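Here the structure comes first, spelled out in structure tokens, and everything after it is commentary.
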């Protein structure tokens, strides 16, 4: 019988053998030299989407080399590679091709392989205009089209999407949506199958290889925003529109194509399945508003516009926009104009954020840590301190009146003002590493929190910031926390001090006495009240009455 140590590898081998066997069986049933094999080779060199593979490899290399993923696979450098503003070209150039972690990367690589392959098949390596022949020019050379044009389009599209992405975007998902939009115009049903099932199959397959057996238990989780607040909805919508418009241009001289109904259904199903309806607004660092119904309306409208603008008339299918009698060309023009206006509006949303920059005078908090051009600090309830580098009439900063609490990274040279770790995340974990850097370097700053909670009351704590092999800076001291129990008419509080924590006894807001927090197993008497510390808890004793008043914070999933 296999031991537990061998079960995981054994199941990995089983998954790979099952996949290989099932593909072999299908190949035997449906000869690849038959119709579908001929179809692939008629449009792709050797039937392989080489451009998609090259693009996928480039994105992976960016993660491994530029973000230092080779050294720290699960903890890449991200802050310098976000698209902070138009005045930080490094971020604009790299944002679309870098990722926040392996899960983010793998998800986008899977999407690239699936949607990119369909989009590349639709584009084709061989010219299909009547009278054209391969190898007569660069534009008709199949190898140039496969290995140069397709990756170049992805690179140019990625930079453009980063430049017009709302906020400090990062990740290849905008390009993935552009590839899906391109594929939707030509093969809407195939794209929907991949969106609804293909990505799930590929993701589960990857997870099964990575973790063939998983043992889970109930554990607490750190504070996090709702799932839809983590979606770059504007970037996804912009990418989808870019792909649709690009496909409309590329396929404008081809008479064949999907009907309006197929296009409408394809865009609608894709938009809903990929949560393009999740339009939201950030009220503060811990409060978000979701506009679900307006978002769904927007997806319906987008589906109609795409169907009306790019649906084929070659098969005689009626256009759903032909609501009035006539040729329908006016309605096609109207739909196309609406699509272009929608694209411009979605892209224009990024204008206020891309004109923002940070100032050194806007650094909040006390005793920050400097790492080259970066400043890492801790503050609570501070407003986002971004200023517009260009005075644009009637355009307000989207960060006005939005507050942040936690570890904040500021770089005036890069236009960075970023809450890297929230107050809640640090309170949950007790310590967090913040990585900063550039194309050729990385450095880190640790944020460390220690505190005590008052029974029935708030928590007092201290936060330090520390670079490796350097002394820690005390960056924040919270107010004292008063316990609910009133003992002999007196209030008991725990207060954070520069050197530790203290017990404070007061009456009518007047301090009677204070003493240093006893060590574990120790005790102290303050203003007639005895305090005993047992493990993480401190008990107060008055007239043979014993009550728990303070508890030391515990961090992580075992709290």
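For all residues, glycine too, the Cβ spot is worked out from N, Cα and C.
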Among ranges 6-27, 72-93, whichever one TrEMBL labels transmembrane segment: 6-27
Feature contact check the transmembrane segment (48-66) with the transmembrane segment (143-163), CB under 8 Å, 3 or more pairs: yes
Chain residues outside the transmembrane segment (229-251) and at least six past its termini with a C-beta under 8 angstroms from it: 119, 122-123, 153, 157, 160-161, 164-167, 169, 171, 173-186, 257, 267, 270-271, 274-276, 278-280, 282, 288, 306, 309-310, 336, 339-340, 342-343, 346-347, 349-350
